[in-house]
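Reviewing the structure listed below.
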Amino acid sequence: MEAIFGRNIEEHPEPLQARVEGEIPSWMEGILLRNGPGMHTIGESRYNHWFDGMALLHSFTIKNGEVFYRSKYLRSDTYNCNIEANRIVVSEFGTMAYPDPCKNIFSKAFCYLSHTIPEFTDNCLINIMKNGDDFYATSEVNFIRKINPQTLETLEKVDYTKYVAINLATSHPHYDSAGNVLNMGTSIVDKGKTKYVIFKIPSTVPVSEKKKKKRLKHLEVMCTIPSRSLLHPSYYHSFGMSENYIIFVEQPFKLDILKMATAYIRGVNWASCLTFHKDDKTWIHLIDRRTKKVISTKYYADAMVLFHHVNAYEEDDHVIVDIISYTDNSLYHMFYLKNLDSQFESSVKLTSNPSCKRFVLPLQCDQDSEIGSNLVQLPSTTATALKEKDGSIYCQPETLCQGIELPRINYDYNGKKYRYIFATEVKWLPVPTQIVKFDILTKQRLQWEEEHCWPAEPVFVPSPNAKEEDEGIILSTIVTSDSQKLPFLLILDAKTFKEIARATVDVKLHLDLHGSFIPQKDLKTEHEGDLDREQE
């Protein structure tokens with residue numbers, strides 16, 4: 001396993017033609033663009049955690065039934081500094097970098113002071129964000145990096161703090177019907193307050209600014225939510241969105257700000273400043289997208305750890321929220337590279353299996369309702385919402401299924417009632433071995449698996465003029481743990497889950513995290529790309 005997790009992957013900036021078996025649908029044209037850690041050793045220094053590795057973008061371009069692969073490291077400031085020094089000199093979440101031991105005592109002291117309020121890395125290795133006709137590599141800090149999805153060239157560095165007061169941001173934004181980006185971030189101790197900020201980036205700019213294309217200048221703060229603790233804000237990786245509401249789950253998996261501020265001088269990484277408070281409550285906030293205000297009703301649930309929302313929608317004065325949750329925070333610890341040795345599959349186990357949970361939040365709370373009564377009036381779920389004496393509502397979920405992660409849906413159904421979840425199956429090990437289609441209505445599963453294959457997050461691409469939710473294809477990049485078996489792009493029929501085609505590449509693929517499919521119509525022409533580079 002260490003050979004897969006800890007290895008440095010060679011980049012392939014020029015397109016390599018893949019060998020296609022089967023037949024790719026004629027309508028299928030565009031780029032599957034993926035992001036994830038690809039370099040874990042620089043010189044004689046090595047990252048502690050798999051999530052810390054240098055961001056490696058890779059893509060499969062599909063056109064006329066052919067597939068071309070390319071990969072390129074994100075040329076972030078972090079990457080350039082590390083490569084120039086031939087050692088890790090920029091800290092990541094699980095790895096703290098220290099000054100050159102040859103530096104004098106004054107230089108070292110200055111470094112300690114400057115890390116009290118850390119300058120975060122721009123190693124944007126988690127996901128891809130679309131804004132208008134531009135694409136960005138993203139992570140969970142205040143930096144995003146604009147990229148060219150066709151050449152994988154790294155372009156502009158964008159600092160959110162120039163437009164909104166946040167230190168952290170999610171790498172899983174949402175998109176409304178107009179193509180605007182909705183996202184949220186945490187503002188740490190800004191003017192004596194720690195708060196969560198929900199903001200919108202427009203998909204277009206005023207005509208007078210067309211040449212500048214600075215959409216972020218028109219960023220709008222939609223709402224702020226004060227943290228329940230000034231120095232212990234909740235960690236979150238994603239959030240939910242229905243037709244009329246933003247859903248934010250404030251979980252008791254918290255970042256200790258004081259520990260974070262002193263981490264550098266104490267010789268520990270920032271990840272050690274995250275703590276799961278198993279005896280605390282999980283608070284669920286509903287933000288009305290029309291009024292831009294938080295709903296006054298207090299919804300809470302038992303302690304849990306949450307990384308990925310699946311979907312949310314409204315039905316008969318209820319908001320249904322589907323998430324993947326854990327009973328502890330063991331998932332992150334699994335990916336320390338010291339744990340990912342050759343005995344990984346037999347020695348490292350999750351202590352909490354991921355569960356797909358459905359929470360139901362009643363919007364109407366009758367003051368005359370009895371204390372302890374269930375306010376959920378939907379016959380289709382066993383989830384409950386019990387009225388408490390203080391007026392708050394205690395939500396207990398329905399378990400839809402067990403053992404799935406990296407959930408995706410047909411995004412045309414985002415915020416709407418839906419039926420199908422596409423995900424990877426995870427059974428006590430954090431590494432997926434199957435791709436799963438789960439039918440929420442029938443509770444039935446379809447799956448794809450093959451020996452020695454580790455599939456990435458499945459991406460759903462709808463067929464042209466699709467009339468049914470699962471009418472389309474599934475794309476997943478497959479890494480192989482057998483050195484004699486080449487990696488490939490897998491293409492499945494989303495309805496039947498039968499393999500349509502695969503595109504094999506004679507390269508070393510890295511395990512990636514997230515990404516998206518960009519249809520050909522959403523890609524700029526070569527001329528537009530040249531103009532962008534001139535503006536950079």
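The count begins at 1 with the first shown residue.
Here the Cβ of each residue, glycine as well, is placed from N, Cα and C on the backbone.
Any TrEMBL annotation is an automated prediction that lacks curation.
Not measured: the values here are computed from a predicted model.
Feature annotations, reproduced from TrEMBL:
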BINDING   His172, His237, His308, His514  Fe cation binding site
>> List every residue in the same chain as His237 (Fe cation binding site), at least 6 positions away in sequence, whose Cβ is under 8 Å from its Cβ.
In response: Glu140, Thr170, Ser171, His172, Leu306, Phe307, His308
> Residues near the Fe cation site, His172, His237, His308, His514 excluded, by Cβ within 8 Å of the Cβ center?
Replying inline: Ile126, Asn127, Thr170, Ser171, Ser238, Phe307, His309
> Around His514 (Fe cation binding site), which residues of its chain at least 6 apart sit with Cβ under 8 Å of its Cβ?
Replying inline: Arg34, Asn35, Gly36, Ile126, Asn127, Ile128, Ser171, His172, Leu406, Glu457
